[in-house]
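Undergrad: Take a look at this one; I'll ask things after.
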Amino acid sequence: MSRRLIYVLNINRKSTHKIQENEIYTYFSHCNIDHTSTELDFVVKNYDLNRRQHVTGYTALHCYLYNNYFTNDVLKILLNHDVNVTMKTSSGRMPVYILLTRCCNISHDVVIDMIDKDKNHLSHRDYSNLLLEYIKSRYMLLKEEDIDENIVSTLLDKGIDPNFKQDGYTALHYYYLCLAHVYKPGECRKPITIKKAKRIISLFIQHGANLNALDNCGNTPFHLYLSIEMCNNIHMTKMLLTFNPNFKICNNHGLTPILCYITSDYIQHDILVMLIHHYETNVGEMPIDERRMIVFEFIKTYSTRPADSITYLMNRFKNINIYTRYEGKTLLHVACEYNNTQVIDYLIRINGDINALTDNNKHATQLIIDNKENSPYTINCLLYILRYIVDKNVIRSLVDQLPSLPIFDIKSFEKFISYCILLDDTFYDRHVKNRDSKTYRYAFSKYMSFDKYDGIITKCHDETMLLKLSTVLDTTLYAVLRCHNSRKLRRYLTELKKYNNDKSFKIYSNIMNERYLNVYYKDMYVSKVYDKLFPVFTDKNCLLTLLPSEIIYEILYMLTINDLYNISYPPTKV
């Protein structure tokens with residue numbers, strides 16, 4: 001049911017009576033007009049529809065095109081009563097411009113009718129930005145409105161230049177932005193089918209559009225498409241690649257299309273693989289600098305499958321390895337700095353050195369602390385890499401910075417302190433010594449009260465003393481948890497499993513479980529590899545037969561779990 005008219009014309013007056021200008025303005029600008037109504041019939045017969053308002057320069061046609069209740073049927077009636085479609089408003093807007101950039105649910109027929117009534121060819125400079133503004137309006141204002149393929153075709157056929165630029169953008173720049181934002185969460189845009197998008201882009205190309213035109217920032221349309229965060233429609237991206245966009249063009253920031261995608265804050269693994277494959281298939285080998293930048297920038301970015309992506313990149317780019325540095329940092333440094341735990345895990349598994357320093361002598365732990373943007377995850381990331389750190393000086397440095405560490409999760413902070421007390425046997429004594437110092441107590445006031453902090457340390461220390469009293473064969477549970485040598489820990493595997501279920505340890509139970517699982521899987525894969533290579537070890541023609549089995553086991557234990565797994569289950573080559 002339509003809304004009641006907010007203004008009703010008096011149609012019972014004599015035809016000789018003059019209709020007031022403000023009445024017409026109100027009627028065409030704000031009323032929900034029925035194309036069959038007697039009011040509309042009365043107006044078009046008794047009023048000069050081409051009369052302009054003094055200030056705005058609007059005619060009846062302009063007013064109606066700005067009406068929120070616009071319909072194609074009413075517009076057709078106005079066009080049939082000889083409205084002037086070439087008159088501009090005071091701001092220079094022509095009716096066809098308003099129609100294409102302001103109105104919803106436009107009929108292709110009325111667009112043709114309006115264009116045909118204008119004797120000027122659309123190549124005239126007054127219409128040069130018409131196609132661009134039509135698509136731009138669908139990108140910026142009328143987000144739920146579709147881009148009509150027939151309208152695009154008509155505008156191009158009528159002579160509009162598809163390469164016209166406004167603020168550096170062409171119509172294709174805006175169209176690619178529309179395609180990217182359709183799939184961005186929260187945008188509420190009308191879906192664009194891949195087939196339709198392909199037809200529209202083909203129309204542009206057929207009419208001479210430059211697919212690699214640059215905006216003021218040096219971006220091609222494909223740059224813009226890939227730079228939109230959460231643009232993750234693999235099928236749309238695959239379709240755009242069929243037009244062979246130029247992958248070598250760098251924008252003003254030195255970024256190629258692939259690097260634009262890598263730095264977009266959201267990476268979909270399958271799209272990343274597709275882009276690199278397309279580049280190497282159609283362009284050739286990627287420059288070493290770009291390969292290095294892709295890997296390092298990827299680590300900084302959120303991705304759907306980080307472990308799969310970093311594995312793919314490291315295998316694909318053979319000259320990028322755990323020792324490669326970029327801006328003075330290794331891959332592992334960057335992974336720690338940006339809290340990418342899955343990448344950290346992978347790089348350590350392939351023998352990345354967690355204790356290596358940057359070119360300006362910073363440890364990975366310091367990079368984590370210095371990155372304030374990731375402060376909510378600082379404790380968790382430090383906690384994650386502590387299992388790999390054996391350098392006592394690094395642990396001591398971490399302990400000294402405890403007052404400045406941001407605390408967002410008490411449980412994580414408690415676990416972090418438990419690690420520090422376990423690995424630094426001077427921590428508790430130094431804490432007790434400084435407990436009464438006002439300066440020391442004040443340093444902890446930023447995130448929690450000193451009493452609460454002191455309580456956590458005391459609780460962890462008490463449980464540490466319990467670890468020292470718990471015997472495991474010829475040593476203590478405390479010594480076992482401090483040990484990082486899987487070969488030595490193997491003999492304590494059964495005892496660790498028993499203590500793992502001991503409810504006396506509330507704080508250190510997680511660390512026990514980590515140690516147990518690490519030793520368990522290491523031992524399992526060493527046994528698998530030994531069994532698999534046994535025919536080699538026992539072959540009389542092999543020099544390895546000269547080595548005692550104990551030495552062979554020692555060598556196998558030097559390998560990472562990842563190395564052992566790959567020997568046990570070699571990756572299949574596609």
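A Cβ is built for glycine as well, from the same backbone N, Cα and C atoms used for every other residue.
Pulled these features from Swiss-Prot for this protein:
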type   : residues : note
REPEAT : 56-87    : repeat 'ANK 1'
REPEAT : 135-164  : repeat 'ANK 2'
REPEAT : 167-213  : repeat 'ANK 3'
REPEAT : 217-249  : repeat 'ANK 4'
REPEAT : 253-285  : repeat 'ANK 5'
REPEAT : 327-356  : repeat 'ANK 6'
DOMAIN : 541-574  : domain 'F-box'
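Where in this structure would I find these features, and how exposed are they?
TA: Within its own chain, the repeat 'ANK 1' (56-87) has Cβ neighbours under 8 Å at 2-3, 24-25, 28-33, 35, 40, 43-44, 47, 49-50, 93-96, 98-99, 102-107, 109-110, 113-114, 117-120, counting only residues six or more beyond its boundaries.
Panel annotation: around the repeat 'ANK 2' (135-164), residues 100-102, 104-106, 108, 111-112, 115, 121-123, 127-129, 170-172, 174-175, 177-178, 181, 187-190, 192, 196, 199-200, 203-204, 206-210, 213 of the same chain, lying at least six beyond its termini, place a Cβ under 8 Å from a Cβ of the stretch.
Residue counts for the repeat 'ANK 4' (217-249) under DSSP, helix first, then strand, then coil, are 15 helix, 0 strand, 18 coil.
Model confidence over the repeat 'ANK 5' (253-285) is summarised by a mean pLDDT of 93.
Per DSSP, the repeat 'ANK 6' (327-356) is made up of 16 helix, 2 strand, 12 coil.
Here the domain 'F-box' (541-574) has Cβ contacts under 8 Å with residues 346, 348-351, 486-487, 518, 521-522, 525-526, 528-530, 532-533 of the same chain, all six or more residues outside its ends.
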